[in-house]
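Here is the structure we will look at.
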Amino acid sequence: MASFAVSGARLGVVRPGGGAARSGGERRSGVDLPPVLFKRKDSFSRTVLSCAGAPGKVLVPGGGNDDLLSSAEPAVDTPVQSEELEVPDEAELVVEETASSSATEASSAVEVEEKTEPSVVIKGTSETETDGVAIKTKAPLVEEKPRVIPPPGDGQRMYQIDPMLEGFRNHLDYRYSEYKRMRAAIDQHEGGLDAFSRGYEKLGFTRSAEGITYREWAPGAHSAALVGDFNNWNPNADTMTRNEYGVWEIFLPNNADGSPAIPHGSRVKIRMDTPSGVKDSIPAWIKFSVQAPGEIPYNGIYYDPPEEEKYVFKHPQPKRPKSLRIYESHVGMSSPEPKINTYANFRDEVLPRIKRLGYNAVQIMAIQEHSYYASFGYHVTNFFAPSSRFGTPEDLKSLIDKAHELGLLVLMDIVHSHASNNTLDGLNGFDGTDTHYFHGGARGHHWMWDSRLFNYGSWEVLRFLLSNARWWLEEYKFDGFRFDGVTSMMYTHHGLQVAFTGNYGEYFGFATDVDAVVYLMLVNDLIHGLYPEAVAIGEDVSGMPTFCIPVQDGGVGFDYRLHMAVPDKWIELLKQSDEYWKMGDIVHTLTNRRWLEKCVTYAESHDQALVGDKTIAFWLMDKDMYDFMALDRPSTPQIDRGIALHKMIRLVTMGLGGEGYLNFMGNEFGHPEWIDFPRGPQSLPNGSVIPGNNYSYDKCRRRFDLGDADYLRYRGMQEFDQAMQHLEEKYEFMTSDHQYVSRKHEEDKVIIFERGDLVFVFNFHWSNSYFDYRVGCFKPGRYKIVLDSDDGLFGGFSRLDHEAEYFTADWPHDNRPFSFSVYAPSRTAVVYALAEDE
C-alpha cells in the first residue's frame with residue numbers, strides 16, 4: 001500500500017523515441033506522486049499538497065506485509081520533472097509511531113496484505129444464474145467468480161473506430177499515457193484500483209472489535225479534535241494526532257461494558273484550528289447527516305446500527321437489460337401530496353407504478369446529501385451519506401432491494417462534477433484552505449452554479465471520488481450511475497458560453513481538462529471491472545468523440561451518453577408552429593450519433609420541468625390544460641393538437657433516438673405546470689429581490705392521480721406511454737442493428753422508418769390524412785398494427801381498424817424491395833409488425 005496523498009514532483013510521459021512529451025506544448029496534466037520520493041520542503045506548506053498517512057511503521061513493498069500507508073517508489077519508467085528524485089533509505093520510510101497504545105492498536109487493525117499485481121482480484125461474491133437473473137451472494141463455501149479490473153490496453157482501437165481521430169493523435173496518445181501512468185502509480189502505491197477505491201475502510205469512522213478509529217485528511221489544519229454528543233462537545237476530551245502527511249487520527253476504545261464509545265445515531269463533528277480560524281466540520285467521509293429542527297447547518301451522525309437493525313438484501317441484482325428504459329425520479333417530490341416523500345413510500349407506491357408502466361430501470365436523483373433542497377440534489381454536501389430528508393440508509397437499501405425484486409435496475413444520479421459551496425456542512429474550505437479538495441482561485445469556482453470544482457489532479461481527490469463511486473455500488477447495491485455535469489468536468493471552460501460545432505479541435509486541445517478525463521477513465525475502469533453488470537451513463541452536451549469507447553481501446557469508457565441535443569431540438573421546434581417543422585431536421589437530430597457509441601435519448605427530463613422552463617405538454621397545451629382535460633367537457637383544438645403531438649414526439653424519439661430511453665416521472669402523462677421547490681425570497685447583491693413561493697410544496701410533487709383518473713385526458717397519454725414501453729420490451733427495436741429511414745417527406749410531413757422488424761409511420765401533417773399511402777419495407781409478408789397513437793384508449797379518434805391486415809407487394813418503393821399501402825391519418829403515429837411475429 002502507499003501513502004495517502006501524493007503531491008510533489010510530476011512525472012513526465014515516456015513516448016516512443018524517448019523523452020518527456022507535452023503533446024504539442026499542451027498544459028501538463030497528471031496526478032502528484034508521493035512526496036516521500038522527493039526532497040521534501042516544509043510538510044505544512046500549501047505549495048505542495050501533503051500526503052495522507054497513518055501512524056505506524058511503513059514498510060517497503062516486497063519487504064513483507066505492507067502497512068496501511070507504505071510509501072514506495074512507483075515502477076513508472078519516466079523521467080522526473082521539476083524536482084529531483086531522491087530514493088529514500090529504509091530508515092527514512094519509517095513514520096514516527098504515536099505514543100498512544102490505542103492508536104497503535106488501531107493502526108494494526110487496518111494492516112492489509114501487500115498487493116503485487118497491477119490488477120487486483122476481489123473475492124467474496126459468487127455469481128449464479130436463476131431464471132436468467134444473475135445472483136451475487138456471499139457464499140464462502142462455493143468457488144467464487146473473481147472480479148478483475150483489466151490492465152490498460154494499447155488505446156489504439158479508437159483510431160480504427162473513428163479515423164477522424166488520427167488528426168489528434170498527439171493529444172489522445174498523451175491522454176492515454178497519462179491514464180496508464182496513473183494506473184501504474186496506483187498499482188505500485190496502492191495495490192491497484194481495488195484497494196485504492198476502498199478508502200472508506202480507512203478514512204472516516206471505522207469499527208473494530210477493540211473500538212472506533214476516526215481518520216481525516218486535513219493537511220491545512222493546525223490541530224483537530226473529535227467532538228459530539230458522546231463527549232459533550234468538549235474539544236479537549238478527544239484531541240487527534242497528525243502524521244506527517246496531514247492525516248489526523250484518534251482511536252476510541254470500547255466502553256468497559258463492550259459498547260462503542262460513540263453511540264449509534266449520535267451527532268459528531270471534527271473541530272479544527274485552521275488558517276481560516278477555528279471551525280466545526282462534518283467529517284468528509286460521514287455516512288449519514290441530519291438537519292436538526294430549527295437549525296440551518298447539518299450535523300454528522302455516527303451511523304453504525306446494531307446487526308439486528310441492519311437491512312439485509314434479499315433479492316439478486318438484475319442483469320443489465322439489452323435496452324434501457326429509464327424512469328427518472330426524485331424521491332422527495334414523488335408524492336401526490338404537497339410534502340417531502342420518503343424512501344419507504346417510494347418503495348411501496350412508486351416502484352410498482354414504474355414496473356407497471358413498462359420501464360426496466362429507475363434513475364434516482366438527489367441521493368447524496370445536500371443541505372439545499374431546491375438544488376435538486378446537485379449541490380452535494382456529504383458525498384457518502386444518503387439524504388436524510390427521505391429516511392434512513394436502511395430505508396434506502398430496502399427501496400433498492402424492492403426494485404431488484406421487481407426486476408428493475410436502480411441507477412444513481414451521482415455528482416462528481418462539483419460540490420456545494422457550503423463551508424459549515426460541506427467540503428468547501430474543510431481544512432481552512434482554498435485548495436483542499438478543489439482547485440484554488442477562479443478555477444476552483446463554477447461561476448454559474450456557485451459551487452466548488454474538484455482538483456482531479458490530486459491523489460486524495462481521486463481516492464475520495466473513486467471510493468465514493470464504489471461505496472454506492474458496494475454498500476447500497478446500486479446498479480450503476482448517471483454521471484452529472486460531465487461536460488463541466490472535461491473542459492476548463494465547463495461548456496459555458498461555448499458553442500460546440502463538431503470540430504474535433506474543440507474536444508482535444510488546451511481547453512480539455514486531461515486530469516478530469518483521466519479520472520473518468522479510472523472510474524469507468526473501476527465500475528466495469530468490479531461490477532460487470534453495472535451501467536455508466538454520462539451527461540455530456542459537447543458530444544466528445546471517444547466518450548463511449550471502452551477505456552482499453554482509448555476511450556473514456558461510458559456505456560451510454562445522454563443524447564442531450566434531442567430535447568433541445570424539441571424545445572426549439574415547439575417555439576414555432578408544427579407547420580414549419582422540417583422532417584429532415586427531426587430525423588437528422590435523432591440519428592446524429594457516432595458509430596458504436598450508444599445513447600440514452602429523451603424528449604424531456606427534469607431540466608425541462610423546472611420553474612422557468614416548460615414541459616412538452618405545457619408548451620403544446622399551455623393554459624388550456626387547466627380547463628379542458630376533463631372528458632365530460634368538450635376539448636379544444638389546442639388540447640387535441642397537444643395530446644396528438646405529445647405522443648408522436650415521444651414515440652419518434654424512442655424509435656430513432658438511441659439505444660436507451662429516459663422519461664422524467666409524471667411527464668409520461670403530460671404533468672401540468674412546472675417544478676418549483678419550496679423557497680423564500682432571495683436578495684441579490686445589486687439590491688433586487690427574487691420573490692419566493694412562501695416555502696410551498698404545492699408545485700414540488702407529482703400528481704400521479706391525474707394520470708390514473710379515467711375521467712381525465714391525462715390517462716390516455718399515460719396509457720400510450722405504457723404501451724410504448726411494452727412494445728419495446730417485446731420487440732427490442734431500440735437495440736436492433738437494423739435501422740433504415742425510407743421517407744422524410746417535407747410536403748406530406750411524413751417520416752417512415754424501419755427499426756428492427758417494425759415499420760414506423762408518422763404523419764405530422766396538421767390536417768391532411770392520406771389514403772392508400774405507400775410504405776416501403778424490407779421484409780415481405782402480412783403486416784398488422786401493433787401500436788396506434790390514434791387509438792381511443794390513448795385519447796385519439798380511433799380512425800384505424802386494428803383488425804385490418806396489410807399485405808406486401810413486390811413493388812419497390814423508397815429504395816425498399818417491398819411495400820404495402822396504409823391509411824395515414826393526420827397527426828398520427830402507427831407501428832406495423834409482421835403478423836407471424838406477434
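In case you wondered, yes, glycine gets a Cβ from its N, Cα and C as well.
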*Tell me which range among 98-121, 386-409, 794-817 TrEMBL lists as region 'Disordered'.*
98-121
*When you get a sec, could you say which of 13-34, 145-166, 189-210, 717-738 is annotated region 'Disordered' by TrEMBL?*
13-34
*What's the CA-CA gap between Glu539 (active site, proton donor) and Asp484 (active site, nucleophile) in angstrom, rounded?*
5
*Which residues in the same chain, at least 6 apart in sequence, have a Cβ under 8 Å from the Cβ of Asp484 (active site, nucleophile)?*
Tyr378, Asp413, Ile414, Val415, His416, Ser417, Glu539
*Please average pLDDT over the domain 'Glycosyl hydrolase family 13 catalytic' (341-713) for the predicted structure.*
94
*Inside 10 Å of the Cβ of Glu539 (active site, proton donor), count up the other Cβ atoms and send me the figure.*
21
